[in-house]
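In TrEMBL this protein carries:
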{"type": "DOMAIN", "residues": "99-535", "note": "domain 'Major facilitator superfamily (MFS) profile'"}
{"type": "TRANSMEM", "residues": "20-42", "note": "transmembrane segment"}
{"type": "TRANSMEM", "residues": "148-168", "note": "transmembrane segment"}
{"type": "TRANSMEM", "residues": "180-199", "note": "transmembrane segment"}
{"type": "TRANSMEM", "residues": "205-226", "note": "transmembrane segment"}
{"type": "TRANSMEM", "residues": "238-258", "note": "transmembrane segment"}
{"type": "TRANSMEM", "residues": "264-282", "note": "transmembrane segment"}
{"type": "TRANSMEM", "residues": "361-382", "note": "transmembrane segment"}
{"type": "TRANSMEM", "residues": "394-415", "note": "transmembrane segment"}
{"type": "TRANSMEM", "residues": "427-443", "note": "transmembrane segment"}
{"type": "TRANSMEM", "residues": "449-470", "note": "transmembrane segment"}
{"type": "TRANSMEM", "residues": "482-505", "note": "transmembrane segment"}
{"type": "TRANSMEM", "residues": "511-530", "note": "transmembrane segment"}
Amino acid sequence: MSVERIFDELGHFKRFQACLYFAAVFQAVACGIHYLASVFLVETPNFVCSVPGNITDILYGNLTVSSLEDILPVFKSGTGPLVVRTSEGEQWELSRCRCALRIDPKGFTYDFDGNKTVKACVGNFVYDRSEVQQSIVTDWDLVCEKEWLAKLCQPTFMLGVLIGALLFGDIADRVGRVRILMITSLCQFGLGVAVAFSGNYYFFVVLRFLLAMVSSGYLVVVFVYVTEFTGIKVRTWTSMHVHAAFAVGIMVVALTGYLVRVWWIYQIILSICTSPFLFFCWKFPETPFYLMAKGRYKDTQTLLDAIARFNGLECRLKAEDLLEPEERENGRALLEKEAEERPSQIEKKLSILDLFGSWRMAGRTCTVWAIWFIGSLGYYVFSLGSVNLGGNQYINLFLAGAVELPSYLVGCFAMDRIGRKKTCAPALLLAGVACMLIIVVPADIEALAIALCMTGKFAIAIAFGLIYLYTCELYPTIIRSLAVGSGSMMCRVGSVVAPFCVYLADVWVYLPQLIVGILAFIIGVLTLLLPETLGKPLTTTLEEAEALGRKKQDGLEMNQHDVKA
């Protein structure tokens with residue numbers, strides 16, 4: 001089918017496509033919101049173990065106060081305990097996860113050499129509410145021995161992202177893009193609000209897991225939807241800038257987190273940010289590619305007339321004109337005949353192993369998978385870890401989203417002018433260098449560390465944005481979907497690993513940057529070994545497809561026009 005003729009006749013990105021594009025991308029903002037919302041949902045404020053009884057006096061170094069709430073903003077774990085005295089005359093030494101009762105103290109002093117009775121705190125904590133009034137950590141005491149439960153929230157969310165991408169991507173091919181866009185949008189709103197009213201931690205995690213699935217489902221399908229409604233002249237730009245909507249979602253999270261310090265109110269506000277989309281998404285048309293693939297020619301003609309009318313054009317194009325000449329002459333009988341003539345066993349034989357059919361193809365596949373992985377890993381490490389850089393965490397996260405917007409503009413211009421490989425490799429190398437420089441920056445120069453982090457995020461966003469298109473162009477037609485699908489799987493693996501990588505900052509504050517920096521630099525060098533695609537997808541002839549089905553050594557080689565690495 002030559003469905004691309006639609007855009008030559010009716011415009012590659014005129015009013016009809018522009019309205020659909022910006023409306024669909026508007027809801028993609030919600031995906032960025034929910035992906036990064038946990039940064040403040042599970043924020044752990046400063047806290048200390050409490051004791052029974054009324055506290056009358058508190059000592060902390062040279063400070064003397066009468067309330068735990070007054071001392072917590074300056075209390076630092078690991079620098080010594082808080083010494084408190086109760087109205088009953090008991091003296092306690094308080095730290096984050098345990099308390100010690102002094103036995104027969106002689107006076108009320110900070111230092112004590114006598115005997116103590118030490119015990120762990122069990123559900124008896126006091127939190128610093130000057131910055132965070134309520135989070136799920138403070139509501140459900142997810143600290144000390146329960147700290148791992150708070151840290152598990154983001155990895156389980158990312159696991160839902162992985163499953164949702166697999167599930168809804170397949171369903172969209174069966175029932176249509178529009179139905180999935182509507183269902184996932186409605187579920188994002190409903191589940192997002194439901195999370196705010198989850199009564200306990202386990203309901204919270206389950207609802208967030210389901211929310212992750214539908215958010216991922218929308219993000220996967222909207223990429224397909226916008227590319228099937230825009231012409232090839234603008235497709236690079238439109239596909240890249242879906243990521244920009246995701247970045248806007250990150251900025252919304254930072255702004256809302258700054259203004260709202262109660263987690264359930266914060267969650268409700270984030271969930272209703274894109275709710276206006278629900279009022280008009282039901283008017284979205286199905287894509288012409290899907291309609292033609294399903295043989296719905298009358299619906300296709302209706303859509304063509306609507307596009308032409310909205311764009312102020314006269315529609316001389318008929319649905320049957322979108323079929324190849326042979327298809328128009330022989331109709332569906334010829335299509336069925338061609339399907340019988342083509343070796344159907346080829347599709348059955350194709351598997352993930354076909355991406356490794358030769359040494360050359362295996363090296364290419366491993367490199368592409370590595371780019372997908374480090375792109376996702378670096379993206380989320382820079383985003384989630386930005387709040388730990390020092391300075392104002394809300395400004396840091398806002399900048400982590402804002403810096404992506406120019407990165408996609410630069411990426412698009414660079415891809416058109418110097419090529420995919422020469423854009424991807426330097427971007428990864430720059431991200432690696434930025435990570436290494438963060439490590440050597442003196443701890444007291446927070447502004448420089450933040451600037452380097454934003455530089456790394458800028459660079460990794462370029463590589464992460466272009467790898468979708470680059471993978472499509474690197475592989476021949478017969479295994480292109482397999483390559484993109486497997487690469488997307490590696491991307492989801494990277495997103496699941498990213499939160500655990502961020503938590504390594506507890507071991508050493510720069511360990512996440514060290515890991516991302518080393519991997520980005522190595523993979524950037526390997527990217528230089530990939531071929532340039534010149535912006536054109538590779539094709540596969542029938543003979544090559546048959547060879548691929550027989551698993552011959554040359555079955556996975558590129559066609560005669562493939563550019564050598």
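Keep in mind that glycine also has a Cβ here, set from the backbone N, Cα and C atoms.
Within the same chain, residues 13, 132, 135-137, 142, 150-151, 153-154, 157, 161, 181, 185, 188, 192, 208, 211-212, 215-216, 218-219, 222, 225-226, 229-230, 238, 241-242, 244-250, 252-253, 257, 263, 266-267, 270-271, 273-274, 277, 280-281, 284-285, 383-384, 387, 397, 401 sit at least 6 positions outside the transmembrane segment (20-42) and bring their C-beta atoms closer than 8 Å to a C-beta of that stretch.
Within its own chain, the transmembrane segment (205-226) is flanked in space by residues 20-21, 24-25, 27-28, 30-31, 34-35, 38, 152-153, 156-165, 167-169, 171-172, 177-178, 180-181, 183-185, 187-188, 191-192, 194-195, 198, 238-239, 242, 246, 287, 468, 488, which lie at least six positions past its ends and keep a Cβ under 8 Å from the stretch. Nonlocal intrachain contacts for the transmembrane segment (264-282), taken as residues 6+ away from its ends with a CB within less than 8 angstroms of a stretch CB, comprise 23, 26-27, 29-30, 33-34, 37, 40-41, 134, 181-182, 185-186, 188-189, 192-193, 195-197, 252-253, 256-257. Nonlocal intrachain contacts for the transmembrane segment (482-505), taken as residues 6+ away from its ends with a CB within less than 8 angstroms of a stretch CB, comprise 151, 154-155, 158-159, 161-162, 165-166, 169, 220, 350, 352, 354-355, 365, 368-377, 379-381, 384-385, 388, 467-468, 471-472, 474-475, 511-512, 515-516. The domain 'Major facilitator superfamily (MFS) profile' (99-535) scores a mean pLDDT of 85 in the predicted structure. Beyond the ends of the transmembrane segment (180-199), by six or more residues, the same chain brings 24, 27, 30-31, 34, 168, 171-172, 207-208, 210-211, 214-215, 217-218, 221-222, 225, 263-265, 267-268, 270-272, 274-275, 277-278, 281-282, 284 to within a C-beta distance below 8 angstroms of the stretch.
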